[in-house]
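The structure appears below as structure tokens.
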């Protein structure tokens, strides 16, 4: 039972972390290697919020806003000239990640920071005591997934974004301001990444390099998922499940590389990953 | 110096530079203090890695973070032998051998994984991220064998002392750099750029780009392994960070800052940045990384070719870019090897069909082509003409039926294997190598026949007479060197591609709208060339064309394709005067 809950909650956490990266990759076909840095920014927003003595839940909207604003600046200055050079965009955003990591170190120091728990304690699920926060993560993942589906299917921005995904030239010819769609998408993606950073704080230690550990896993999941949130959810469940199983039954060290290795193999067999399914 | 690269002047320059570098390396220990020697030894090892990354990324276009894994594997293989078995001379040889063999095997596997038929460049990058992570985790889980998270330390290495290591590493770096410079500037080295520019064209010139990339990955993994061996000996410690993906990104950063695609740039970048880091990071640890990171971002955006590009803009241009008549390679005639006998079918298609899901694009196509024929394939848009050409040049395309070329069934064969049977394909949009010169493009077309030299730039360009004729009649023979092909006009690119295809000496040429967007004069030239190739030289050609007047003037036979079916196959007169063609083209009843 605990195992099943572990699978579901791990998948939920992976989904939360990868969502922002997917939003950007799905529409812009750009891999934001500064994604890890944005997770870190979000986590430090939680630290700062706590430092100001505010309600820890306030960190969520604050992080989203900070992430989105910084993301907007990044899109305008760094990403915009590189849409035609996707491999260079990987490098430039990675460099940006280094810069952000160092700035955070200069500001907050390199020590591990602690944040107040958003939710603590355990609840009984079918007779087993389980971390309340991990269950909350499932709810958060569902909310993010649904909100995104709504944003994409039910709003004008989402419709424009879909048009850009399918045929950018045509979208532009039809009078859609693709530059604005890109900017908005990038801001939403980075905002989400920062939000995910806050949500991670109770689960992991907060330090200037915390994001890098999460980057590769979410990157691989996004490669497999392509551009759809539902395939990302499936990928998170399958590979997150595999990770939990390997960690439990083989060794936690191999558990850490399960996602990356399995995703690489899936991509070798089917270059489009789950996108076709 | 106005000579081109093949003249001895360049060779002398290179030799002089190498010698100067060697002198610095030999007397270095007398000049520097211990700290500097230590740091520079490490920096020079890293510079060897930067050279390998530059060959893969700067020249061939494969962005890789995986060299760190090969380096780490080599370092760990050496350190494990030295700490667990000992450091006798025999064991030292074993350590070196393993430091090469293990990364080479890993490299071959990674290459095979990264470069399947039809895998994307991004996928190779993805794999190059996963490999270091896996290796690092293996090191962590290796217990006493690998020393886990604290690494291996306290083993004895080569008995050289600090000055000895400095000299040994320096010599290794100089050798690596010189070999890399000679190779990338040789005829064979241009292959790497050709792969980066246009991989599909490489395959359709009968080359196997995927296999070349696998070979390259394997060899460079071995070089990284040697660097790892040096590192394990010189530093006396190996740690999991040496294998990691973050280290892999650092090598890429040095390469990018120094200037990708220049070999020397990355060497200077690696040594400079690593040396400065060691000097400065004591005083301002975070600020230094901040500066490097920021510089890297700015560089990628504004100066994608790194500091070397800046240097090139500031320094007066060397004149090798300008074609002086004496520098131009001489065109040499190759004996015609087009020995197909008239009468035998070059191409036999029977019952060919192609569908995308439930959509039937081609069905029941039967077609024979003999040497000397110029068969035009006409039909309205969407009739399946280009699809048919694709089925003829890629054995994995057709859904049903058989295609036989020169007596051999091509089902399942890749484009380069079909090219070897004698098929040349000219694409609708001119498919050439944008950053190569005209001469190098043509040399690529001959590369599957005359293996290009790994060492030299040839002074001659051997081409079959038919290809030379095309160059002469279009004036391309006066532009062999001088500027990259990307600066040619649309018509010149089309002619160049045709010359490249003809230089393959195919038995059968497939041409997809070779005259689209050309002027009347250019069109006539191409028409005359095609007639000469088929009528006089015995090539067979299939031509997809919309311009019916052009088709009527030059074809020996016309085939009409409509809605995926072959509706008419006959002589020019039969087809042009047929009722069916009129109906199809005037948009009448759907025949």
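From the backbone N, Cα and C atoms, a Cβ is placed for every residue, glycine too.
TrEMBL lists B:347-588 with the feature domain 'ABC transporter'.
The transmembrane segment annotation in TrEMBL covers B:12-32 (among others). Using a Cβ-Cβ cut-off under 8 Å and counting only residues 6 or more beyond its ends in the same chain, the transmembrane segment (B:12-32) has close neighbours at 40, 162-163, 166-167, 170-171, 174, 177-178, 181-182.
Per TrEMBL, the feature transmembrane segment maps to B:44-70 (among others).
Beyond its flanks by at least six residues, the transmembrane segment (B:90-115) meets 62, 66, 69-71, 73-75, 77-78, 81-82, 123-124, 127-128, 131, 158, 210, 213-222, 224-226, 228-229, 232 of its own chain at Cβ-Cβ distances under 8 Å. If you look up TrEMBL, you'll see B:90-115 (among others) marked as transmembrane segment.
Within the chain carrying the transmembrane segment (B:122-145), a Cβ under 8 angstroms from the stretch's Cβ atoms is held by residues 62-66, 68-69, 72-73, 76, 80, 84, 106, 110, 113-115, 213, 240, 243-245, 247-248, all 6 or more beyond its ends. The transmembrane segment annotation in TrEMBL covers B:122-145 (among others).
Under the heading transmembrane segment, TrEMBL lists B:165-183 (among others).
Within the same chain, residues 42, 45-46, 48-49, 51-52, 55-56, 60, 62, 67, 70-79, 82, 95-96, 99-104, 106-108, 110-112, 114-115, 157, 165, 168-169, 172, 176, 192, 238, 242 sit at least 6 positions outside the transmembrane segment (B:214-232) and bring their C-beta atoms closer than 8 Å to a C-beta of that stretch. Summarising the annotation, TrEMBL assigns transmembrane segment to B:214-232 (among others).
According to TrEMBL, the feature transmembrane segment maps to B:286-308 (among others).
Same-chain neighbours of the transmembrane segment (B:44-70): 103, 106-107, 110, 114, 121, 124-125, 127-129, 131-132, 134-135, 169-170, 172-173, 176-177, 180, 183-184, 189, 192-193, 195-196, 213, 216-217, 220-228, 230-231, 234, 242-245, 247-249, 251-252, 254-255, 258, 260-263, 265-267, 269-271, 274, counting only residues six or more beyond its ends whose CB sits under 8 Å from a CB of the stretch.
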